[in-house]
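Contents: one structure, followed by commentary.
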Amino acid sequence: MTCAFSPTGQSVACGGLDSVCSIFNLNSPTDRDGNLNVSRMLSGHKGYVSSCQYVPGEDTHLITGSGDQTCVLWDITTGLRTSVFGGEFQSGHTADVLSISINGSNSKMFVSGSCDATARLWDTRVASRAVRTFHGHEGDVNSVKFFPDGNRFGTGSEDGTCRLFDIRTGHQLQVYNQQHSGDNEMAHVTSIAFSISGRLLIAGYTNGDCYVWDTLLAKVVLNLGSLQNSHEGRITCLGLSADGSALCTGSWDTNLKIWAFGGHRKVI
Amino acid sequence: MVTTPTRDPSSNVMSLPLPSPKAPPEYPDLYGKRREMAKVQMLEREISFLEEELKSSEGFQPASKCCKEIADFVMANSDPLLPTTKKNRKTCRLWKWLCRMRCLNLSWICCRCCDCFSGCCNCKQNCKCSSCLSSTKCSLSNWCCCFDKKSHCCKEFCGCNNCCCILSGCNFRWPFPSCCDCKCSCSCTCPSFPKVRPCGSCTKC
């Protein structure tokens with residue numbers, strides 16, 4: 001369900017329905033079949049691992065979000081949980097956590113999105129309660145992503161909208177909502193990403209649309225789903241390259257596509 | 001109820017009374033009670049968290065300030081996915097319309113989108129123009145009108161007496177008559193002596 005590169009690119013983490021986050025060291029030798037062996041298994045979640053991200057600048061720490069309603073900060077060196085955010089005896093999400101995003105400007109802060117229709121801001125030094133809870137969505141919050149300046153974050157939801165929140169005040173600053181052509185049912189947002197300047201918000205939808213929103217004007221400037229060679233199924237994930245020059249989208253049509261300004265290349 | 005043993009008349013043996021079923025003893029449901037109390041404590045804790053949050057929200061800055069911060073950040077950073085040479089004409093038209101609305105004080109953003117037009121720029125802040133003409137009145141103090149010499153202004157010294165004005169890119173009225181691209185034309189007369197070079201270098205408008 002989720003995977004992430006470490007900041008140095010030396011290892012990869014991935015998690016899913018086995019409730020475990022597995023770490024692979026890319027420098028390790030492969031077996032006869034060319035497969036890489038797991039170098040560390042992070043066990044402890046009581047539900048599926050929906051999302052994971054390495055703490056920026058640290059190959060040894062990782063945060064996961066889980067179907068057990070918690071987020072966990074892991075020490076990869078020991079394989080142990082450093083902190084648990086939420087859960088049965090602590091204030092936190094009341095339904096599955098579907099997405100997390102760590103603040104690139106302050107790695108002590110991260111946000112989580114959940115099936116309880118809220119997003120929550122956490123301080124890794126204070127696990128007992130969320131710093132702030134953000135209400136507004138009317139369905140599962142499938143995706144959360146920090147705005148490049150680190151003071152705002154975006155969300156994408158099952159209610160078909162994306163929203164922009166301010167972490168310091170809790171204000172909901174913008175709603176990105178547009179009827180999709182030819183749809184009787186509303187398309188859900190599955191994944192979001194910001195361009196490197198924050199001017200663009202890219203959102204993938206269950207009907208194969210991939211809207212590029214102008215963050216300031218809340219207008220759709222482009223629908224990648226309407227272009228030639230667009231995906232033929234639900235967009236499930238998307239992400240920008242480190243230099244912000246290319247976008248990659250993944251879909252139920254089994255394809256990964258790379259989009260760059262003025263061009264299009266397909267990667268199988 | 002305790003029944004007393006009875007003696008069987010046929011024998012001399014004392015027979016014990018038949019056991020009578022009793023209801024199980026009532027143990028206190030400590031586990032359920034403790035669980036409910038824990039839930040109540042958690043709810044009370046959530047209430048105190050929300051009260052703290054309500055108190056702290058009184059000192060928050062207005063949302064408009066947050067929006068301005070976003071706009072400032074976005075405008076200050078380049079983006080490989082956005083064109084840098086070609087202007088987004090649709091967005092420019094929208095900003096031009098917005099910037100002409102005098103009731104909206106959008107001067108802080110008007111000068112960052114597209115060219116400097118119909119308003120005043122703060123020349124200290126990333127003015128794309130190469131010169132600021134402070135003589136033109138601005139509605140904001142310490143601000144000046146910013147002109148981009150390339151597209152909106154004529155060369156100050158054309159070097160010729162006559163200027164042919166080609167109105168390229170001038171879609172607004174300015175008090176300066178030289179808002180045009182300059183093409184100079186020279187008028188010359190040929191001397192009578194045949195050894196002098198003819199006027200082949202003169203071009204007309």
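Glycine residues also receive a Cβ, built from the backbone N, Cα and C atoms like all the rest.
These come from TrEMBL:
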type	residues	note
REPEAT	A:42-84	repeat 'WD'
REPEAT	A:90-132	repeat 'WD'
REPEAT	A:134-175	repeat 'WD'
REPEAT	A:228-259	repeat 'WD'
What is the three-state DSSP composition of the repeat 'WD' (A:134-175), stated as helix, strand and coil residue counts?
0 helix, 22 strand, 20 coil
Below 8 angstroms Cβ to Cβ, which residues of this chain, lying six or more residues outside the repeat 'WD' (A:90-132), approach it?
47, 50-53, 55-58, 63-71, 73, 83-84, 138-146, 148-151, 153, 155, 157, 159, 165, 167, 170
Can you give me the average pLDDT across the repeat 'WD' (A:42-84), rounded to a whole number?
96
Positions whose Cβ lies under 8 angstroms from the repeat 'WD' (A:42-84), at least six residues beyond its ends:
1-8, 10-11, 13-23, 90, 92-102, 104, 107, 110, 112, 114, 122, 124, 127
Summarise the repeat 'WD' (A:90-132) by DSSP state, stating how many residues are helix, strand and coil.
0 helix, 19 strand, 24 coil
